[in-house]
Amino acid sequence: MTDTSVQSNTALDNDTTHFGFTTVAKDEKVTKVAEVFHSVAAKYDIMNDLMSGGVHRLWKRFTIDCSGARPGQRVLDLGGGTGDLTAKFSRIVGDQGHVILADINNSMLNVGRDKLRDNGIVGNVHYVQANAEELPFPDDYFDVITISFCLRNVTDKDKALRSMFRVLKPGGRLLVLEFSKPILDPLSKVYDAYSFHLLPKMGELVANDADSYRYLAESIRMHPDQATLEGMMKEAGFENTKYYNLTGGIVALHRGYKF
């Protein structure tokens, strides 16, 4: 696989960042990412199932299993979009617990709210439109924070990780589920062909939007690899960090604690 990923925010000045393979002003990236998710929100769940063959459900189940969430706890599902993880956490924490589904994109948040309410998930779930870089919550507030398939879209990942660290309770844990770098060369070649050729065509057919899914493929390539992201988490203050490669490293789950 050609390594197009100039890791994270390196090689960029303070006013620019990556939008896929393109260098843009930071404010422009925020706008462009918002446009992507406004466009795909209605078909997001369908495309997730098609793109992953349903395997995303197993990745999310593993994330839940690694969260250690218990009844009565506070959980933040950051960038939670259509609410898959929120639904599961709601059942775990119960009536005495509290789950916040937070997303910067109101279209995704509305889809998630409607889906969860249609499934009878009410009472212990609240919805907040929030920027991961400037979370509007008190210090030391959450027992568990998850951010699933979202961090790669964040403009300043280091700032977002510091913000998550601030609102996490001592003893709490952060879980970052995200596309990553395949660890097997043959898999990398197949994955490249799938991502850059088949994926945009699927987006065009199902969501009438090839460009957003082309951005998806590019954003995955520009996201920090497993070791780099672990280093960023440590730099933000997280300890006992560890990552798990899932499906040959196509996805990785990173875990870190605040002590």
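Using the three backbone atoms N, Cα and C, a Cβ is placed for every residue, glycine included.
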Same-site S-adenosyl-L-methionine binder from ASP103, ASP185, ASP192, given that Swiss-Prot records THR82, ASN131, ALA132, SER148: ASP103
Cα-Cα distance, maximum over THR82, ASP103, ASN131, ALA132, SER148, record's S-adenosyl-L-methionine binders, Å: 16
